[in-house]
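Please read the structure below before turning to the comments.
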Amino acid sequence: LRAHAVDVNGNQVENPIDIVINVIDMNDNRPEFLHQVWNGTVPEGSKPGTYVMTVTAIDADDPNAQNGMLRYRILSQAPSSPSPNMFTINNETGDIITVAAGLDREKVQQYTLIIQATDMEGNPTYGLSNTATAVITVTDVNDNPPEFTAMTFYGEVPENRVDVIVANLTVTDKDQPHTPAWNAMYRMTGGDPTGRFTILTDPNSNDGLVTVVKPIDFETNRIFVLTVAAENQVPLAKGIQHPPQSTATVSITVIDVNESPYFVPNPKLIRQEEGLLAGSMLTTFTAQDPDRFMQQTSLRYSKLSDPANWLKIDPVNGQITTTAVLDRESIYVQNNMYNATFLASDNGIPPMSGTGTLQIYLLDINDNAPQVNPKEATTCETLQPNAINITALDPDIDPNAGPFAFELPDTPASIKRNWTIGRISGDHAQLSLRIRFLEAGIYDVPIVITDSGNPHASSTSVLKVKVCQCDINGDCTDVDRIVGAGLGTGAIIAILLCIIILLILVLMFVVWMKRRDKERQAKQLLIDPEDDVRDNILKYDEEGGGEEDQDYDLSQLQQPDTVEPDAIKPVGIRRLDERPIHAEPQYPVRSAAPHPGDIGDFINEGLKAADNDPTAPPYDSLLVFDYEGSGSTAGSLSSLNSSSSGGEQDYDYLNDWGPRFKKLADMYGGGDD
């Protein structure tokens, strides 16, 4: 503090002085750890003196005085195995180190220490203290090798199968799961010189999966005995050796299955001249069955593919014979090669089959005569210019093809008189006029072409030459006239197609006209037969005598004068509302109307006749069902209005009058109820 001395007037009477007040520290603050829980790790098997971790506490008191000087110590260790004092702590720095050997993660994975910090330099009497927890995790090292659960494992696999798991190898490892010290790797140390097996590791179970990677033949190897060793992904800790349990034996049995027969050789190549006649023996193509230890009958052969259908095979001995002439020029032959496929089948369980290809290399023979190309040509009727270039075509190949010889036949004599031919090259020749002028038209010029085969093959081809008038450039000026003189095949086919299409169109038009006439006639009808007026009247407009009148006589609507006389009706079935049986006055009978197509006209004519007939009774013949008779057997209903005599009458007879009187019978025939 700075103090000033002044008089009553405020005048300074003395120089200011500084007053220093020293606050003496008292131990009023406890030590506080930076964390209440401290985490550290130490590898298992660590030697004594291995550093683990450091814990730190602070004190708000003066760090230069005893009040702020801290000391650390371990109050407790849990668990206390294998020793209650596995760790120690530097009392001044808080460093925790190991003091005993025997850390084993497989036995104790974690230790919990209670650490105390005390000020006053650790004086237990005057110092203040506080505690924290130190959690020390023992980390794993590869101090446990993998060990097989059995010394020998067994498996089996069908022959010729790949990517099949044949055995499952199980191991145990005490190290921490799913770590490099626990993950197992398997390797074969013997028994598989050809590399037919591999061992994969299941990442979840750590098991070894013995898998076939190459086909195995039962006839060659029936059993495999493999030696397998198991290791971890990281080497074992120093001083740890692999025990015998880290090596096991795997015995794998191969199962015999029915295998497919195979042709030898496949494909089979033979050379054969074309032209071999049908029924000739070509070759024998047989297969072998690899199943030497199965009881099976001989193989059966059949044809699978024969594009030209030239061959057949004996089902027992595999002998192939021809069924048609072999032709090198066939469309099924490519580059002189013809391919056919055959099938060999056994009778195993299940039956198996194999295919083989027979390749026939066809050698050319001179079986095709050369032909002229093109078939048609045009030239001028004068000598110059009139050259026609032609080419000889021969499906055969050398030496049965060119060079070709071209010549004109001796007959008819007009050919050599009018034409001449000369060879340009081995395959080409030139045809020209021999005379100065040849009348325009179409001429068939035969040309004899001979190839170079041995023996030679020749043919006479006809070249259709159109001779025409030409301009100075050598172009025909009357091509249309010449072409019109003779139509080609394409033109004739086109004309016939046009004629057929025209006939079809005419026929379709006639059918359409007939159908249109029928529809027009149907529309002219006044009434649709399905909506006949008479039918409607009978269904909806009759006024019969009641519920008992269900059988109608339609003839009374159409021909009233032909109604059956009442006198011939049997007694006892007549209704009381029909026409009376007693004789009635005879009136002139109107003529029956003819049967018109329209029931409406018929009714109108009958109505007009009834209106004009002065002797017509009240009921008309068309309304015969409206007559209700002249009397009734039922008593008078006037008594229903009399209240004085209601109780004296018997109404039980109402029950006999039918369902329509049932309500009255219930009302009046029920007695007192």
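We count from 1, first residue shown onward.
Backbone N, Cα and C define each Cβ position, glycine as well.
Annotated range for region 'Disordered' in TrEMBL, selecting from 190-211, 630-651: 630-651. Helix, strand and coil counts from DSSP across the domain 'Cadherin' (1-33) read 0 helix, 14 strand, 19 coil. This prediction places the mean pLDDT of the domain 'Cadherin' (34-148) at 92.
Broken down with DSSP, the domain 'Cadherin' (371-477) shows 6 helix, 53 strand, 48 coil.
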